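Participant: One structure follows; several queries about it will come next.
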Amino acid sequence: MNALQATNRNFRHAARILGLDSKLEKSLLIPFREIKVECTIPKDDGSLVSYVGFRVQHDNARGPMKGGIRYHPEVDPDEVNALAQLMTWKTAVADIPYGGAKGGIGCNPRELSNSELERLTRVFTQKIHDLIGIHTDVPAPDMGTNAQTMAWILDEYSKFHGHSPAVVTGKPIDLGGSLGREAATGRGVVFATEALLAEHGKQIKNMTFAIQGFGNVGYWASKLIHEKGGKVVAVSDITGAVTNPNGIDIQELYKHKESTGSLVNFQGADDMDPNELLVHDCDVLIPCALGGVLNRENAGSVKAKFIIEAANHPTDPEADEILSKKGVVILPDIYANAGGVTVSYFEWVQNIQGFMWDEDKVNTELQRYMTRAFHNIKNMCKTHDCNLRMGAFTLGVNRVARATLLRGWEA
């Protein structure tokens, strides 16, 4: 089951639990606008090449649309649709005043020079500048894009509309980016984990953790867990996997990866089969990498008691059922990885006010938002007698449905 099917299935289930009118249910699924543009640029050798860029703007009932722009060779329209829809529910769960969007360009950024990437980004911005905006649609980085990409979009957009730092988030600090943004998703994962464990009378200290993925999210989550006294007993990424039952020193592992380009052969841990990580002996499993990694083949062998979905859609619905029967508690992606978009919201707020916050304020506010959202989800679980995934989906869908009805769009 792909991301779109799974998202639609979760949405329909939530709509049934909430007893939504079928007309309203249908209108909530259909995207507000889909944009597709041709981006032709001269390559460094003088030849012309064309790429297809697009943006799916899903819903703006609760505020401007928000979502990443990815540069990837296989940008699948179905997947982008699903991710735009997921952003609508995610921003509603976090209770930030946005709707959902997603977009990208079908290209391989590794095969393009820096100046080609800049030209491509600027042409894409020229084609969509009148369809994005501070109060319309606010892009952010995603796979294959970064703070530099956002700087180019900001500069190109500002040529048409005047200086507008709030038109994108995830910018470099020097152009109005927020302190704490880089660590935000990982830090949000940790705050979410703390809220869940507290509900079960536990804390991060002395618990054991296995973390799949050691990119931005995996690194920050494992580093902060390590600092809070949690034992990270296994870490993996595309280069390999390492384990140490007494806990891995995350800072040392990071230095090792920076210097060698790989996790393997690290002095402070033993190498292990990366496929073993998901079924490794631990209290808490945190998938931070790809979607669909927990499936019917391996779900039965998972030893963790808690799964925190830092990746998008890491658990497919069949695995969900198997794990629920085993009594494993799953904290859903729609909430667990919302730290990034929450701090993006803080960045947007700071840009609009023209008043920047210090990092402590960013982190304190993030903790407040993540903790409050968890309690709101738990309340939905109690009201509708459902698991955390449906608690989060019913919370998000209900907020969007209420906003839609109040605006009288459905008439």
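For all residues, glycine too, the Cβ spot is worked out from N, Cα and C.
Per TrEMBL, the features are:
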| type | residues | note |
| --- | --- | --- |
| ACT_SITE | Lys102 | active site, proton donor |
| BINDING | Lys66, Lys90, Ser344 | substrate binding site |
| BINDING | Thr185, Asn216 | NAD(+) binding site |
| SITE | Asp142 | site 'Important for catalysis' |
Participant: If one looks at the chain holding Asp142 (site 'Important for catalysis'), which residues at least 6 apart in sequence have a CB under 8 angstroms from its CB?
Facilitator: Gly67, Gly68, Ile69, Arg70, Lys102, Gly104
Participant: What other residues of the same chain, not counting Lys66, Lys90, Ser344, have a CB atom within 8 A of the CB centroid of the substrate site?
Facilitator: Gly67, Met87, Thr91, Ala94, Ile96, Tyr98, Gly100, Ala140, Ala338, Gly340, Val341, Thr342, Tyr345
Participant: Return the residues near Lys66 (substrate binding site) by Cβ distance under 8 Å, restricted to its own chain and a separation of at least 6 in sequence.
Facilitator: Met87, Thr91, Tyr98, Gly99, Gly100, Ala101, Asp137, Val138, Ala140, Thr169, Val341, Ser344, Tyr345
Participant: Counting across all protein chains shown, how many other Cβ atoms sit within 10 Å of the Cβ of Lys102 (active site, proton donor)?
Facilitator: 29
Participant: Please list residues from the chain of Asn216 (NAD(+) binding site) whose Cβ is under 8 angstroms from its Cβ, counting only those at least six apart in sequence.
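Facilitator: Long-range Cβ contacts: Glu182, Thr185, Gly186.
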Participant: Can you check which residue among the binding-site residues Thr185, Ser344 has the largest number of Cβ atoms within 10 Å of its own?
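Facilitator: For the binding-site residues Thr185, Ser344, the Cβ with the most other Cβ atoms within 10 Å is Ser344.
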Participant: Would you measure the largest Cα separation among Lys66, Lys90, Ser344 for the substrate site and round it to whole Å?
Facilitator: 13
